[in-house]
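Notes for the one structure printed next.
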Amino acid sequence: MMISVLLVFYILIGSIAFIANLVVFIAICRSHELASRYRIILAQISAAAILALATLVAGIGRTIIISMNITSLRSRRYCMLMPWNILFMWAEPMTAVVELIVSTDRLLLISFPVAYSIRPTFFQLAQIFISHIAIGAAIIVSWIASLCETEDICDPICWTSQSMLPFYQYFFTVVRVSTALLSVILYFIAYVLTRRYMAHVIATKKSGRDAALQAFQRRQAQLTVTMGISCIVTLILYVIPICLLFLAEGSQMGPLGSFLTVLSVLTTNINPIPNLVILVWRQTDIASAVKKLLNFGCFNTPKINIVLAVSQTTP
């Protein structure tokens, strides 16, 4: 009964988080200017969307397994081929790693303001490519290693933590905890150094330099504050739960560890929702893009149909 209720939450939270992330992702991508301006944010949103999709698919798939009364144990090979585990293997470490990228990106901006303003594309894409290649390689190795396990020892609903080999489960937990903690520490440092960056912005304004450069610097300063607010939310809803999960797994707390595992899955899916709200609230260009997308999807098509109907009936 409890598992069924949990899976309902999986489906509900996963669907809400996936739709919310998808809407903002599409809204930004519809504008080439916004897409080039917010590459790091797009990477963050895409990781959160994949995690939400994994939660949604896991909720649906596991509900089907329970409804079919399947009780026979499964092998790690079988479980690792389940679609939700394939998605979870990528999304769980990447959501933490992308948080770290956000922090390092802000730190690079503040540490090298001139170089960053000249080559923002290089700085952003370099961070995205390096992190994704490194994590992707580790994921592929762990996935292939788990496929070699054919003994039937896993629960039939294929919990992700059971499906992976213990070493890789521990490894990715360490990656999630360390990158999440490091992202908070680095962002705190970046926020403290923001005063230095703001002084550079003021000096640029007084010197009467290129207006485009001034606009770029103002946007980046505002984005730094925006992501700082998001960092506080992430600390509460993401960093603390996975740190507690890591401590619980290390202490072999049994039922408490299972509870913290469920809690971390739910909170990590809830975390992107307030972050998206903060992003839309603080960044007016993103808010405008989301509003245009929603107006286009909800209102433009009916209006067009009404106009066509009137034009056809008018003599």
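Placement of Cβ uses the backbone N, Cα and C atoms for every residue, glycine included.
Owing to the predicted nature of the structure, the values given are computational and were not obtained by experimental measurement.
Look at TrEMBL and you will find 20-275 tagged as domain 'G-protein coupled receptors family 1 profile'.
Residues or ranges marked as transmembrane segment in TrEMBL: 6-28 (among others).
Residues 7-11, 13-18, 21-22, 24-25, 28-29, 82-84, 87-88, 90-92, 94-95, 97-99, 101-102, 105, 124, 127-128, 132, 160, 265, 268-269, 271-272, 275-276, 279 of the same chain sit 6 or more residues outside the transmembrane segment (40-61) yet have a Cβ under 8 Å from a Cβ within it. Under the heading transmembrane segment, TrEMBL lists 40-61 (among others).
TrEMBL lists 122-147 (among others) with the feature transmembrane segment.
The transmembrane segment annotation in TrEMBL covers 167-193 (among others).
Long-range contacts of the transmembrane segment (223-247) within its own chain (CB-CB distance under 8 A, at least 6 residues past either end) are made by residues 95-96, 99, 102-103, 106, 109-110, 173-174, 176-177, 180-181, 183-184, 187-188, 190-191, 194, 197, 257, 260-261, 263-264, 267-268, 270-271, 274-275, 278-279, 282-283. Among the features that TrEMBL reports, transmembrane segment is placed at 223-247 (among others).
Sequence annotations record features per position, and here TrEMBL assigns transmembrane segment to 259-281 (among others).
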When only pairs 6 or more apart in sequence are counted, do the transmembrane segment (122-147) and the transmembrane segment (6-28) reach 3 or more Cβ pairs under 8 Å?
no
